[in-house]
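Features as listed in Swiss-Prot:
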{"type": "BINDING", "residues": "Gly8, Arg11, Arg91, Arg137, Arg140", "note": "CTP binding site"}
{"type": "BINDING", "residues": "Gly8, Arg11, Arg91, Arg137, Arg140", "note": "ATP binding site"}
{"type": "BINDING", "residues": "Asp21, Asp23", "note": "Mg(2+) binding site"}
{"type": "DOMAIN", "residues": "228-329", "note": "domain 'HD'"}
Amino acid sequence: MQIYLVGGAVRDQLLQLPVYDRDWVVVGSSPQAMLAAGFQAVGKDFPVFLHPNSKEEHALARTERKTSVGYTGFACHYAPDVTLEEDLLRRDLTINAMAQDNSGQLIDPYGGQRDLAAKVLRHVSPAFVEDPLRVLRVARFAAKLHHLGFTVAEETMQLMAKIAQSGELQHLTAERVWQEWHKSLSAHHPEMFLQVLRDCGALAVVLPEIDRLFGVPQPEKWHPEIDTGIHTLMVAKQAAQLSDSLLVRFAAQVHDLGKGVTPPSEWPRHKLHCHTGLNIIESLCERIRVPNEFRDLALAVCAQHSNIHRADELKPTTKLKVLGLLDVWRKPERLEQVLLCCEADHRGRLGLESEPYPQREIFLRAYQAALGVAVQAVIADGFQGKHIKEELDKRRVSAIEAL
């Protein structure tokens, strides 16, 4: 039995990135031998075992053969005679197809080190096209490693385009699409996930709501970049620079989906996009099973970002109404999240990336002023029932007016 460290842990170690998970491949063993050695079986579709002490995953070396459509349509073969090289051959990218033995010796049969040095994401073998999930995985790695200068190899992009055209992407489950998108949000450049999917034609299949923003014009006076899709990528980039919150990053990416359904006769204006975007976000989140906390912030940003951009024009009553609609009294963290998205939206415009966003301060001050009005004082003054809320709002408006 020989045990090798494989995949992401080897890659990230060589890139001098933090290693969070370590996966191992076991060559020359069997399920019976693993159990006898004290390992715990956890794999459903193929033999994966947890180490008795570290609890790290150890998989028996295996080969795969395509048997049907989708990313689950594989027959798995594992036996003591499957070699390490055969196991590494089935992996997606050369930089993920390296292994290390217990002496620290690197095993790199497919040029992973070469591609790490060249900063290239390249498929291991033509079998890459058999697994549609790899399109999303490569897009995610492009987002994860873009800050280091990595790009997708032209021939790999061609295979991704082939998968996108084949109809195989439609067989991905909602959960897998969200899982890869969600992982991409934590990257240094989450916008590259969308960009790479767009470049290979996959965005139209997996996230058509975002894909249809490309080619839709906005008024050049406010949006020098004009194209709504390009604006969305720029906003995604700005959001990642402003916040580590995955909720904020997601909401920023989907806040303008309403612009994708504006009738061309109304272009380049999008008067109703804050309203029309709500149903699109709802159905997108339902379709790919986006968690409620992500959906709720996205809806709040979609509904209110235009109002917040006009903060200096709003009456105190309107500011208070916006704060109420954002539910900031019960969810105080919500205002900061929404304002970060709005600032990313404001800066996600060509040539305006460093533009200040005074609207943020205007709304924060309005919130603090309104927060300073205590409901206990209203009750102490003798107000009861519905009159408590009326008087509380009146006093909060006065506090905002006094700024």
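Cβ atoms are placed via backbone N, Cα and C, with glycine included.
Ranking the binding-site residues Asp21, Asp23 by other CB atoms within 10 A of the CB puts Asp21 at the bottom.
The two recorded residues Asp21 (Mg(2+) binding site) and Arg11 (CTP binding site) have their Cα atoms spaced 12 Å from each other.
Looking only at the domain 'HD' (228-329), the predicted model's pLDDT averages out at 98. In the three-state DSSP assignment, the secondary structure recorded for Asp23 (Mg(2+) binding site) is strand. Surrounding the centroid of the Cβ atoms of Gly8, Arg11, Arg91, Arg137, Arg140, where the record places ATP, the chain contributes additional residues within 8 Å, namely Gly7, Asp92, Leu93, Ile95, Asn96, Phe141.
Applying an 8 A CB threshold to same-chain residues 6+ apart, the list for Arg137 (CTP binding site) reads Asp92, Glu180. The closest partner of Asp23 (Mg(2+) binding site) among the binding-site residues, by CA position, is Gly8; the full candidate set was Gly8, Arg91, Arg140. For Gly8 (CTP binding site), applying a Cβ distance below 8 Å and a minimum sequence separation of six or more within one chain yields Val19, Asp21, Asp23, Asn96.
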